[in-house]
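Features of the protein shown, as given by TrEMBL:
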BINDING   Thr220  Ca(2+) binding site
COMPBIAS  238-247  compositional bias 'Polar residues'
COMPBIAS  254-263  compositional bias 'Basic and acidic residues'
DISULFID  Cys68-Cys100  disulfide bond
REGION    235-263  region 'Disordered'
Amino acid sequence: MGDSFYEYLLKVWIQGNRTAAVDSYRKMWETSMKGLLSLVRRTSPSSFAYISEKVGYSFVDKMDELACFAPGMLALGSSGYGPDESQKFLSLAEELAWTCYNFYQSTPTKLAGENYVFNNGQDMTVGTSWNILRPETVESLFYLWRLTGNKTYQEWGWNIFQAFEKNSRIESGYVGLKDVNTGVQDNMMQSFFLAETLKYLYLLYSSPSVIPLDKWVFNTEAHPIKIVSRNDRAMSSGAGNSVGQQKSYKRPLTRREGRFGNK
(Lines of atoms letter the chains of each structure in order from A and count residues from 1; the text may use other names and numbers.)
(Lines give C-alpha, C1' and ligand atoms only; values in the text may rest on other atoms or scores of the structure.)
Protein backbone atom coordinates (compact mmCIF):
# COMPACT_ATOMS: atom_id res chain seq x y z
CA MET A 1 0.00 0.00 0.00
CA GLY A 2 3.06 2.28 0.01
CA ASP A 3 4.06 1.57 -3.56
CA SER A 4 4.42 5.19 -4.70
CA PHE A 5 6.94 5.91 -1.93
CA TYR A 6 9.41 3.33 -3.26
CA GLU A 7 8.84 4.47 -6.84
CA TYR A 8 9.53 8.09 -5.92
CA LEU A 9 12.76 7.32 -4.09
CA LEU A 10 14.10 6.18 -7.44
CA LYS A 11 12.42 8.81 -9.58
CA VAL A 12 13.48 11.79 -7.44
CA TRP A 13 17.06 10.59 -8.00
CA ILE A 14 16.44 10.38 -11.76
CA GLN A 15 14.58 13.69 -11.96
CA GLY A 16 17.43 15.32 -10.02
CA ASN A 17 19.82 14.17 -12.75
CA ARG A 18 21.45 11.46 -10.60
CA THR A 19 23.75 13.96 -8.89
CA ALA A 20 25.24 13.90 -5.41
CA ALA A 21 22.53 16.35 -4.33
CA VAL A 22 19.92 13.58 -4.69
CA ASP A 23 22.13 10.55 -4.05
CA SER A 24 20.51 9.91 -0.66
CA TYR A 25 17.26 8.97 -2.43
CA ARG A 26 19.06 6.37 -4.53
CA LYS A 27 20.63 4.90 -1.39
CA MET A 28 17.22 4.69 0.31
CA TRP A 29 15.79 3.01 -2.78
CA GLU A 30 18.57 0.43 -2.88
CA THR A 31 18.02 -0.33 0.81
CA SER A 32 14.30 -0.78 0.12
CA MET A 33 15.04 -3.13 -2.78
CA LYS A 34 16.98 -5.39 -0.43
CA GLY A 35 13.74 -5.64 1.51
CA LEU A 36 11.80 -6.36 -1.66
CA LEU A 37 14.13 -9.24 -2.52
CA SER A 38 13.18 -10.88 0.77
CA LEU A 39 9.55 -10.94 -0.40
CA VAL A 40 10.14 -12.66 -3.75
CA ARG A 41 8.72 -16.18 -3.98
CA ARG A 42 8.24 -18.63 -6.85
CA THR A 43 5.27 -20.85 -7.60
CA SER A 44 5.11 -24.53 -8.36
CA PRO A 45 5.06 -26.10 -10.83
CA SER A 46 5.75 -23.21 -13.27
CA SER A 47 8.13 -21.11 -11.13
CA PHE A 48 6.36 -17.79 -11.63
CA ALA A 49 8.13 -15.12 -9.56
CA TYR A 50 5.87 -12.98 -7.39
CA ILE A 51 6.16 -10.44 -4.58
CA SER A 52 4.49 -11.75 -1.43
CA GLU A 53 2.97 -9.47 1.19
CA LYS A 54 4.38 -9.11 4.69
CA VAL A 55 1.94 -8.56 7.54
CA GLY A 56 3.78 -8.24 10.82
CA TYR A 57 6.12 -11.21 10.92
CA SER A 58 4.00 -13.30 8.54
CA PHE A 59 4.14 -13.64 4.77
CA VAL A 60 0.99 -13.86 2.65
CA ASP A 61 1.22 -15.58 -0.72
CA LYS A 62 -0.76 -12.91 -2.55
CA MET A 63 0.13 -10.25 -5.12
CA ASP A 64 -2.02 -7.37 -6.39
CA GLU A 65 -2.06 -6.26 -10.02
CA LEU A 66 -1.16 -2.90 -8.49
CA ALA A 67 2.24 -4.37 -7.62
CA CYS A 68 2.89 -4.95 -11.33
CA PHE A 69 4.45 -1.49 -11.45
CA ALA A 70 7.48 -3.13 -9.80
CA PRO A 71 8.99 -4.76 -12.93
CA GLY A 72 9.17 -1.35 -14.63
CA MET A 73 10.61 0.28 -11.53
CA LEU A 74 13.26 -2.42 -11.14
CA ALA A 75 14.23 -2.20 -14.81
CA LEU A 76 14.47 1.59 -14.58
CA GLY A 77 16.62 1.41 -11.46
CA SER A 78 18.86 -1.45 -12.60
CA SER A 79 21.19 0.86 -14.53
CA GLY A 80 22.40 2.51 -11.32
CA TYR A 81 24.06 -0.69 -10.11
CA GLY A 82 27.31 -2.34 -11.12
CA PRO A 83 27.14 -4.92 -13.95
CA ASP A 84 26.30 -8.00 -11.83
CA GLU A 85 23.68 -6.34 -9.65
CA SER A 86 22.23 -4.56 -12.68
CA GLN A 87 21.68 -7.85 -14.48
CA LYS A 88 20.19 -9.43 -11.36
CA PHE A 89 17.57 -6.72 -10.98
CA LEU A 90 16.80 -6.59 -14.70
CA SER A 91 16.32 -10.37 -14.76
CA LEU A 92 13.98 -10.14 -11.77
CA ALA A 93 12.04 -7.38 -13.55
CA GLU A 94 11.60 -9.63 -16.58
CA GLU A 95 10.49 -12.56 -14.42
CA LEU A 96 7.91 -10.44 -12.60
CA ALA A 97 6.65 -8.99 -15.88
CA TRP A 98 6.09 -12.53 -17.16
CA THR A 99 4.04 -13.25 -14.03
CA CYS A 100 1.99 -10.07 -14.47
CA TYR A 101 1.35 -10.86 -18.13
CA ASN A 102 0.09 -14.28 -17.07
CA PHE A 103 -2.30 -12.60 -14.64
CA TYR A 104 -4.02 -11.59 -17.89
CA GLN A 105 -3.46 -14.73 -19.92
CA SER A 106 -4.70 -17.09 -17.21
CA THR A 107 -8.33 -15.90 -17.28
CA PRO A 108 -11.07 -16.65 -19.85
CA THR A 109 -11.30 -12.95 -20.80
CA LYS A 110 -7.49 -12.51 -20.92
CA LEU A 111 -7.88 -9.59 -18.49
CA ALA A 112 -6.29 -9.65 -15.04
CA GLY A 113 -8.14 -9.82 -11.76
CA GLU A 114 -7.41 -7.31 -8.99
CA ASN A 115 -5.17 -9.75 -7.12
CA TYR A 116 -3.91 -13.31 -7.16
CA VAL A 117 -3.16 -15.95 -4.55
CA PHE A 118 -0.51 -18.61 -4.88
CA ASN A 119 -1.26 -22.03 -3.46
CA ASN A 120 1.17 -24.89 -3.49
CA GLY A 121 1.00 -26.74 -6.79
CA GLN A 122 -1.55 -24.35 -8.35
CA ASP A 123 0.67 -21.53 -9.69
CA MET A 124 -1.84 -18.65 -9.56
CA THR A 125 -5.52 -18.28 -8.76
CA VAL A 126 -7.65 -15.16 -9.12
CA GLY A 127 -8.47 -13.69 -5.71
CA THR A 128 -10.57 -10.55 -6.18
CA SER A 129 -11.95 -11.03 -9.67
CA TRP A 130 -12.82 -7.55 -10.94
CA ASN A 131 -10.80 -5.59 -13.49
CA ILE A 132 -10.99 -1.78 -13.47
CA LEU A 133 -8.70 -1.08 -16.47
CA ARG A 134 -5.54 -0.67 -14.40
CA PRO A 135 -2.26 0.48 -16.04
CA GLU A 136 0.52 -1.13 -13.97
CA THR A 137 1.30 -4.13 -16.18
CA VAL A 138 1.40 -2.19 -19.45
CA GLU A 139 3.48 0.48 -17.69
CA SER A 140 6.11 -2.15 -16.92
CA LEU A 141 5.93 -3.52 -20.47
CA PHE A 142 6.64 -0.01 -21.75
CA TYR A 143 9.74 0.36 -19.57
CA LEU A 144 11.06 -3.08 -20.42
CA TRP A 145 10.62 -2.50 -24.14
CA ARG A 146 12.33 0.90 -23.97
CA LEU A 147 15.23 -0.42 -21.88
CA THR A 148 15.81 -3.79 -23.60
CA GLY A 149 14.46 -3.32 -27.12
CA ASN A 150 12.77 -6.74 -26.82
CA LYS A 151 9.66 -6.67 -29.03
CA THR A 152 8.11 -9.48 -27.00
CA TYR A 153 6.86 -6.79 -24.63
CA GLN A 154 5.08 -5.07 -27.51
CA GLU A 155 3.42 -8.38 -28.40
CA TRP A 156 2.24 -8.86 -24.81
CA GLY A 157 0.92 -5.29 -24.73
CA TRP A 158 -0.98 -5.82 -27.96
CA ASN A 159 -2.65 -8.95 -26.56
CA ILE A 160 -3.73 -7.01 -23.46
CA PHE A 161 -5.07 -4.16 -25.61
CA GLN A 162 -7.03 -6.63 -27.75
CA ALA A 163 -8.56 -8.10 -24.58
CA PHE A 164 -9.67 -4.60 -23.53
CA GLU A 165 -11.14 -4.08 -27.00
CA LYS A 166 -13.03 -7.35 -26.88
CA ASN A 167 -14.33 -7.23 -23.32
CA SER A 168 -14.41 -3.59 -22.23
CA ARG A 169 -15.11 -1.45 -25.31
CA ILE A 170 -18.60 0.00 -25.52
CA GLU A 171 -20.11 2.70 -27.74
CA SER A 172 -19.25 5.56 -25.37
CA GLY A 173 -15.85 4.39 -24.11
CA TYR A 174 -14.52 1.51 -22.03
CA VAL A 175 -15.79 -0.16 -18.88
CA GLY A 176 -14.32 -2.49 -16.30
CA LEU A 177 -15.39 -6.04 -15.58
CA LYS A 178 -17.13 -7.21 -12.44
CA ASP A 179 -15.62 -10.63 -12.99
CA VAL A 180 -12.76 -11.53 -15.33
CA ASN A 181 -13.94 -15.14 -15.37
CA THR A 182 -17.43 -14.41 -16.70
CA GLY A 183 -16.83 -11.13 -18.54
CA VAL A 184 -19.76 -9.36 -16.83
CA GLN A 185 -19.18 -5.62 -17.25
CA ASP A 186 -19.50 -2.79 -14.76
CA ASN A 187 -20.59 0.69 -15.92
CA MET A 188 -17.54 2.81 -15.13
CA MET A 189 -14.45 4.03 -16.96
CA GLN A 190 -11.74 5.06 -14.49
CA SER A 191 -9.94 8.28 -15.42
CA PHE A 192 -6.57 6.54 -15.17
CA PHE A 193 -7.50 4.38 -18.15
CA LEU A 194 -7.01 7.43 -20.37
CA ALA A 195 -4.29 9.12 -18.32
CA GLU A 196 -2.14 6.02 -17.79
CA THR A 197 -3.25 2.73 -19.40
CA LEU A 198 -3.79 4.05 -22.93
CA LYS A 199 -0.85 6.47 -22.62
CA TYR A 200 1.59 3.66 -21.83
CA LEU A 201 0.09 1.49 -24.56
CA TYR A 202 0.55 4.35 -27.03
CA LEU A 203 4.16 4.85 -25.95
CA LEU A 204 4.80 1.11 -26.18
CA TYR A 205 4.41 1.44 -29.97
CA SER A 206 5.95 4.90 -30.36
CA SER A 207 9.53 5.77 -31.22
CA PRO A 208 11.87 5.97 -28.20
CA SER A 209 12.36 9.60 -29.22
CA VAL A 210 8.81 10.32 -28.02
CA ILE A 211 9.30 11.38 -24.38
CA PRO A 212 12.82 9.89 -24.19
CA LEU A 213 13.74 8.46 -20.80
CA ASP A 214 17.07 10.28 -20.70
CA LYS A 215 15.22 13.60 -20.66
CA TRP A 216 11.95 12.84 -18.89
CA VAL A 217 10.73 10.83 -15.92
CA PHE A 218 7.10 9.79 -15.37
CA ASN A 219 5.49 10.32 -12.00
CA THR A 220 3.28 7.61 -10.53
CA GLU A 221 0.26 8.98 -12.45
CA ALA A 222 2.13 8.87 -15.80
CA HIS A 223 2.73 12.63 -16.06
CA PRO A 224 6.13 13.31 -17.71
CA ILE A 225 8.43 15.59 -15.71
CA LYS A 226 11.56 17.12 -17.19
CA ILE A 227 14.86 15.89 -15.77
CA VAL A 228 16.56 19.00 -14.40
CA SER A 229 19.90 20.32 -15.56
CA ARG A 230 22.08 20.80 -12.51
CA ASN A 231 25.59 20.30 -11.25
CA ASP A 232 26.65 19.44 -7.75
CA ARG A 233 28.67 22.61 -7.24
CA ALA A 234 25.77 24.86 -8.10
CA MET A 235 23.57 22.96 -5.68
CA SER A 236 25.86 23.44 -2.70
CA SER A 237 24.85 26.16 -0.29
CA GLY A 238 26.06 29.61 -1.39
CA ALA A 239 28.28 28.17 -4.14
CA GLY A 240 30.02 30.95 -6.08
CA ASN A 241 28.54 33.77 -4.01
CA SER A 242 29.66 35.62 -0.95
CA VAL A 243 27.04 36.63 1.58
CA GLY A 244 26.88 40.13 0.14
CA GLN A 245 26.63 38.91 -3.44
CA GLN A 246 23.64 36.59 -3.16
CA LYS A 247 20.72 37.59 -5.33
CA SER A 248 17.58 38.75 -3.62
CA TYR A 249 14.61 36.42 -3.84
CA LYS A 250 11.34 37.71 -5.24
CA ARG A 251 8.32 35.67 -4.28
CA PRO A 252 6.23 34.57 -7.29
CA LEU A 253 2.59 35.56 -7.31
CA THR A 254 0.08 32.96 -6.25
CA ARG A 255 -2.83 31.93 -8.43
CA ARG A 256 -5.20 33.79 -6.11
CA GLU A 257 -3.20 37.02 -6.41
CA GLY A 258 -3.22 36.84 -10.18
CA ARG A 259 -0.68 38.13 -12.66
CA PHE A 260 -1.11 41.78 -11.63
CA GLY A 261 -0.83 41.19 -7.90
CA ASN A 262 -4.44 42.09 -7.11
CA LYS A 263 -5.82 40.17 -4.15
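Placed from the backbone N, Cα and C atoms, the Cβ positions cover glycine too.
This view paints the features noted in TrEMBL onto the structure.
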residue: Cys68; record: disulfide bond; CB count, 10 Å: 26
residue: Cys100; record: disulfide bond; CB count, 10 Å: 30
residue: Thr220; record: Ca(2+) binding site; CB count, 10 Å: 15
Alpha-carbon distance [Thr220 (Ca(2+) binding site); Cys100 (disulfide bond)] in Å: 18
Distance from Thr220 (Ca(2+) binding site) back to Cys68 (disulfide bond), taken between C-alpha atoms, in Å: 13
